[in-house]
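Undergrad: So TrEMBL says this about it:
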type   : residues : note
DOMAIN : 1-46     : domain 'Acetolactate synthase small subunit-like ACT'
COILED : 24-51    : coiled coil
Amino acid sequence: RAFNVEGILCLPIQDSDKSHIWLLVNDDQRLEQMISQIDKLEDVVKVQRNQSDPTMFNKIAVFFQ
């Protein structure tokens, strides 16, 4: 399946072999399907929808310009 993702942020969890991955998605119509598909991936432990402020992506973007 193809999904549009506006931003991806991945940070390791301290003292763990796991990471947190945040996806910035603007297409709410397909979000539930996207969550369902990600949850089926073998390496994924947990998927949760978070209505957090997308400005964290904007703050990080300045380091890549």
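Cβ coordinates are placed from backbone N, Cα and C, and glycine is handled just like the others.
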Undergrad: For the coiled coil (24-51), give me same-chain residues lying six or more residues beyond its boundaries with a C-beta closer than 8 angstroms to one of its C-beta atoms, as numbers and ranges.
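TA: Residues 1, 3-9, 18, 57.
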Undergrad: Using DSSP, what is the helix/strand/coil residue split across the domain 'Acetolactate synthase small subunit-like ACT' (1-46)?
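TA: DSSP composition of the domain 'Acetolactate synthase small subunit-like ACT' (1-46): 12 helix, 12 strand, 22 coil.
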